[in-house]
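**Q** What follows is a single structure, and I will ask about it in a moment.
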């Protein structure tokens, strides 16, 4: 894969970022470069195509419906969101692409001292159940591929308000929790503290430099 243009942005409105993704995807389809956007959003709920009515906010908070995979989630301050706009080789292997994103984020978690895993049947990056606590998701992934170009991406919870997840069924999964790097480590891990590491790990994973390893747990009952 050719060099990826990494754009470290600040806080960007969700709809503005979505439009930027579409513009970059059109440019990529016309022969442009691969791009990775790294940013934060103001507080917002977004719903993937498979979101069920009962999974939406119980208080009627507005939700932006999107064309990505997955279900409902929250974005906001303290969460690093990444949107890789990259061309995939034929034949398309979206599962491999998602696994590469997971591997990159698992590496970043390890770099800050947190042992994260992937869970069979569920996308994203997780902390294993144990000590009376359920499995907890620390990073969500939801993507779309159009004309062999990826849109949407991942969200890594660094030091965000976990209370925002309590009014929804995050990613449609009711038997697991949501956590953050800071909550698990007992110290503040800010977005700016992992931006560079995330950029490097994602670029390495997509380029095949970061080897895939067996960070997996047993299959769980319901898939994302």
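Keep in mind that glycine also has a Cβ here, set from the backbone N, Cα and C atoms.
The domain 'BPL/LPL catalytic' annotation in TrEMBL covers 30-210. Per TrEMBL, region 'Disordered' is recorded for 47-68. Here TrEMBL flags 49-58 as compositional bias 'Basic and acidic residues'. Taken from TrEMBL, the feature substrate binding site applies to 68, 69, 70, 71, 72, 73, 74, 75, 140, 141, 142, 153, 154, 155. What TrEMBL lists as site 'Lowers pKa of active site Cys' is 137. The annotation active site, acyl-thioester intermediate is assigned in TrEMBL to 171.
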**Q** Under 8 Å between C-beta atoms and at least six residues away from its ends: which parts of the chain pack against the region 'Disordered' (47-68)?
**A** 14-15, 18, 142-144, 151-152, 167-169, 172
**Q** For the binding-site residues 74, 154, which one has its C-beta crowded by the most other C-beta atoms within 10 angstroms?
**A** 74
**Q** Between all pairs in 68, 69, 70, 71, 72, 73, 74, 75, 140, 141, 142, 153, 154, 155 (listed as substrate binders), what's the biggest Cα distance, rounded to the nearest Å?
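**A** So the maximum pairwise Cα distance among the substrate binders is 16 Å.
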**Q** In angstrom units, rounded to an integer, how far apart are the Cα atoms of residue 74 (substrate binding site) and residue 137 (site 'Lowers pKa of active site Cys')?
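**A** For residue 74 (substrate binding site) versus residue 137 (site 'Lowers pKa of active site Cys'), the Cα atoms are 13 Å apart.
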**Q** If you run the three-state DSSP split on residue 68 (substrate binding site), which class comes out?
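**A** It is coil.
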**Q** What number of additional C-beta atoms lies within 10 angstroms of the C-beta atom of residue 142 (substrate binding site)?
**A** 26
**Q** Just to verify a number: CA distance, residue 154 (substrate binding site) to residue 137 (site 'Lowers pKa of active site Cys'), in angstrom, no decimals.
**A** 12
**Q** Reported as an integer number of Å, what is the Cα distance between residue 137 (site 'Lowers pKa of active site Cys') and residue 72 (substrate binding site)?
**A** 14
**Q** Just give the helix, strand and coil counts over the compositional bias 'Basic and acidic residues' (49-58), going by DSSP.
**A** 3 helix, 0 strand, 7 coil
